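Just below is one structure, and these are the notes that go with it.
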Amino acid sequence: MSEVVLRRVTSSGSASNLVSIARKDGTPKKKKRVLVLLTGGTMAMQANGNGLLEPVAGYLAKCMRAMPELRDAKMPGYEVLEYSPLLDSADMGPTDWSTIAKDVATHHDLFDGFVVILGTDTMAYCASALSFMLEDLAKPVVLTGSMVPFAEAYSDARHNLVLSLIFAAGVSQQPPTPPEVCIFFHDRLIRGCRASKVDALGLAAFDSPRFPPLATVGVCVKDTFADNGLAWTGRILAPMLNMETGIVVLRLVPGFDDSALLACFECPTLKAVVVELYGTGTAPSRRKGLVDALTAAKQRDLVVVATTQCQVGGVKIDVYAVGQALQDAGVISAGDMTTEAAATKLAYLFGKFPDKPGTVRTLFAVSLRGELSDPGKYTRPFFEAH
Ligand SMILES: NC(=O)C[C@H](N)C(=O)O
């Protein structure tokens, strides 16, 4: 995804319609403008000679030009910035996220909002990463894609595209879509740094299990973003483009070999570890291997954060006695952050403060983009202490 090709595609095919539409009284009204950043994904794919799906350059932009829905006068005007090569999102990572962040920043003042089309497999990581990277964002950035290629008659591509453009432009909503990185998929607009891909085959592939959706689309739109959306900070957009990649995510399995963990923690380029623990953040405290590995991590000043393997709820290390060893080893709770958000937040914080694990630890515990709730929101004491 190194080069970009700017294809000017508008709802009518003419540049003038991009700029204004007529009001009922005949006076021109400025039409909202959305920049569509096309990175690839199933939406832009067709079967190759071996019958395998891969993105095809120029194809989706051409299909969009032919979509009558996008020419509707109520729809925003748009332009497509197509990257080359188009990618399956499995091939995307921090360098591509930086390219997207840079392009949003370059065009930030020229458009009312942004749609990023990408594959679903790593969309939640990209959305979380962009949430952190796009500091002081003032416009909505809506990520979308599809589970079925646009080329198929039975595709979710058109629906996801139309709704993403509407949300990015905030065409018909009062109040407008908040200036944050979101995912629109199937019937919901969800906060990017709260999203996870939860279904490999369903059309409702994304969920935000620990935070309510920003909007739900049915016959009417039920939006809650006036209450739970982020507000612009009022500062000029300043993207952070140097994500740290020396981070690993480990998921515990009861009784499996912990000596491998120790080997992993000794890797010289490693800066931080996300451990997916059980339930509210429990791990075996009686098996010496894990405790030794965590102690070795502490001695190296590695930042170790704990997320939960559960879909809903969050981590609270101080509930069970087995959590004591984790606390002693300096493991930090990720609260109700998703693993995607925890990993990309560490990448962002270490990118910003490369040799300051202490600062990373402090800021990790603070909600920067609404990725973390107050523990009181997801934990309630069953019995009050007397
Ligand atoms: N539905 C999709 O877009 C999956 C595809 N493998 C991708 O992530 O690019």
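Positions of Cβ are set from backbone N, Cα and C atoms, glycine also.
Annotations in TrEMBL come from automatic prediction, not curation.
Noted in TrEMBL for the protein shown:
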{"type": "DOMAIN", "residues": "33-217", "note": "domain 'L-asparaginase N-terminal'"}
{"type": "ACT_SITE", "residues": "T42", "note": "active site, O-isoaspartyl threonine intermediate"}
{"type": "BINDING", "residues": "S89, T120, D121", "note": "substrate binding site"}
{"type": "DOMAIN", "residues": "247-364", "note": "domain 'Asparaginase/glutaminase C-terminal'"}
Checklist entry - How many Å separate the Cα atoms of T120 (substrate binding site) and T42 (active site, O-isoaspartyl threonine intermediate)? => result 8
Checklist entry - Using the Cβ centroid of S89, T120, D121 as the reference point for the substrate site, which residues of the same chain not in that list have Cβ within 8 Å? => result G41, T42, D88, A90, L118, G119, T122, M123, G145, K197
Checklist outcome for this item: Excluding its own, the Cβ atoms lying within 10 Å of the Cβ of S89 (substrate binding site) add up to 22
Item to check | Rounded Cα-Cα span from the residue listed as 'active site, O-isoaspartyl threonine intermediate' to S89 (substrate binding site), Å | outcome: 9
Item to check | Diameter of the substrate binding set by C-alpha atoms, the set being S89, T120, D121, in angstrom | outcome: 7
Checklist entry - What's the CA to CA span in angstrom from the residue listed as 'active site, O-isoaspartyl threonine intermediate' over to D121 (substrate binding site)? => result 10
Next on the checklist: Sequence gap of 6 or more, Cβ distance under 8 Å: name the residues on the same chain that satisfy this around D121 (substrate binding site), in order along the sequence.
Outcome noted: D88, S89, A90, K197
Checklist entry - Going by DSSP, is T42 (active site, O-isoaspartyl threonine intermediate) part of a helix, a strand, or coil? => result helix
Next on the checklist: Within the domain 'Asparaginase/glutaminase C-terminal' (247-364), count helix residues (DSSP H, G, I), strand residues (E, B) and coil residues, in that order.
Outcome noted: 49 helix, 21 strand, 48 coil
